[in-house]
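Novice: Next up is a structure, given as structure tokens.
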Amino acid sequence: MKFVLLFGVLLVTLFSYSSAEMLDDFDQADEDELLSLIEKEEARAKECTPRFYDCSHDRHSCYRSELFKDVCTCFYPEGGDNEVCTCQQPKHLKYMEKAAGKAKKFGGKIKKWFG
């Protein structure tokens, strides 16, 4: 019985040690991957595509407005076979930005009245 208990404790200890090493390796790989992604994002951020311009070369290059990033929207023009992609802001995000701007403006008025 003592042998089984000792063997069980040894097995659990070895398993926890090996899993901790594997997690450390995964964490290191994740950090390296994250750093490379950040470097790519910084390099790509220099080439932003303005709103309503062609974004078919890089669909993630659209400008960022105050709160939200524009989306590359693709469609087929009427009577055409070629796909056209442009950076656009979805309407619901446009309305949310307008509401946030008005709330900010109203908050400034309240501060002025009571502050």
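Note: Cβ is positioned from N, Cα and C throughout, glycine not excepted.
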Novice: Between Cys74, Cys87, work out which one Swiss-Prot annotates as bonded to Cys85 by a disulfide.
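Specialist: Between Cys85 and one of Cys74, Cys87, Swiss-Prot records a disulfide, namely with Cys74.
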Novice: Is the signal peptide (1-20) packed against any residues at least 6 beyond its ends, judged by a Cβ distance under 8 Å, and which are they?
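Specialist: Result: none.
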Novice: These are the disulfide-bonded residues: Cys74, Cys85. Which one scores highest on other Cβ atoms within 10 Å?
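Specialist: The largest 10 Å Cβ neighbour count belongs to Cys85.
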Novice: List the residues of the same chain that sit at least 6 positions away from Cys72 (disulfide bond) in sequence and have their Cβ under 8 Å from its Cβ, in sequence order, or write 'none'.
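Specialist: Within the chain, Cys72 (disulfide bond) has Cβ neighbours under 8 Å at Thr49, Cys55, Ser56, Arg59, His60, Ser61, Cys62, Cys85, Thr86, Cys87, Gln88.
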